[in-house]
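Presented below is the structure to which this report refers.
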């Protein structure tokens, strides 16, 4: 007995207007000809052109991409290992500490994570740059990956792994041939999550980046502190467009694969 | 051997890059500020062996914490962070609940789209979402332009660089964290319970209060913690929207470190912030545990 009332319709409409209007305005004003961001002076793609010539932004974007790809890849490997250990690893010395260290970074304020990593890097005399940002990002995003992957590991049927072992697989083979294909969607979404977290991160990167490496969020933050700028609007629009296309296509792909899986299961039952 | 490596690799990574850094913060918070490189004292003299370590220990003290408790600035910053985080959690709940409720009541074929509309902002850069309000809330911003144009107000409202702007920013950016757990709880709700309540003479409104709200309690609690915990240590929102008029501890820590270069005090601020956060974190864990047990 579900009744979709006027109240529901109104709250959904208002809610989504609230969520999306600021971003829509941001996108519209990125095509504004005027330098004054709040005064509309006609349509123009001028700021996109200027953005493409801004070397500092392009360099920062390149650094950000390098950091995001490498940190999310290492984080996915480590996070999947950690999830496997937590769900299937049985008992070992210091298990409580281990699971604590997996969950703690999720709730740790970014300023504290950033500060503590910076003090470590200074303490051991590590030069700050791309490498230290990758270390920092890997550390917090591996915890997110491990949460995503372990929720999938918990829900899947352990007897499949046991069957593979009974049929003569080594533990390694049963992992590569049985476990990994089943948890692959979770591993992939873990990677995507880690990638986005790394792209977005301002606070931890600010602490761990040296003068030699500036990421895009650091660059945006220092520009935005001085006020609204049409170039940042243009940059934001590009980023919003990439995310929107990415999320929508990922959800279409997963919808198709779910449909295919259901069809295959149905056929298996019929035959 | 393989099993050992499997456990060992992530374990050592987290020990070296999570636990050890935190112990360093703890250590530096007990040190004194100094005009040196690194800018704190004492430093362990490894060359002097055990004696050097003992000397080092004897020089640690709680001076920075005493300093924190005596200086008004820090008290005010912690209290105002707590107040801002608590109030904006409540506001997020008030805004988020009707949306989650509407999603749960919506026809089945709408749901995937509605879900995606809630999740999409979560994937969009946090910084950009906060920035998008700067053009709206400013004195010559779009909100003031609109309100002046419609004649609701005759003078521009000062929202930017006030706590109000921070509330708006937190509600806006953390809204998906509130909606999703509440929606998950409401979706599981058995609608025959509502029918039963109405058959027994409840009005729709009282059925909502007596059945729907209590049964979505776990979602409400989880959503509130997911907003409150990160909001407490928030840095980006107060520094972009709050201006100098808003005091929040994340910003104080940042300035203590980057502007004043006072590492020991910054570390002490971090330790106290973590001590404050432990209580809501434990409560949150307990709530999750209970919800999981109830599911089984």
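Cβ atoms here come from the backbone N, Cα and C positions, even for glycine.
Copied over from TrEMBL, here are the features:
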- A:61-253: domain 'ABC transmembrane type-1' (DOMAIN)
- A:12-31: transmembrane segment (TRANSMEM)
- A:60-86: transmembrane segment (TRANSMEM)
- A:98-124: transmembrane segment (TRANSMEM)
- A:130-154: transmembrane segment (TRANSMEM)
- A:175-197: transmembrane segment (TRANSMEM)
- A:232-253: transmembrane segment (TRANSMEM)
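Note on the transmembrane segment (A:232-253): residues 23, 26-27, 29-30, 32, 37, 47-48, 50-51, 57, 192, 196, 220, 223-224 of its chain, located 6 or more positions outside it, place their CB under 8 angstroms from a CB of the stretch.
Remark: the transmembrane segment (A:130-154) contacts the transmembrane segment (A:60-86), by the rule of 3 or more CB pairs under 8 A. For the transmembrane segment (A:12-31), same-chain residues at least 6 beyond its ends with a Cβ under 8 Å from one of its own Cβ atoms are 37-38, 40, 43-45, 47-48, 230, 233-234, 236-237, 240.
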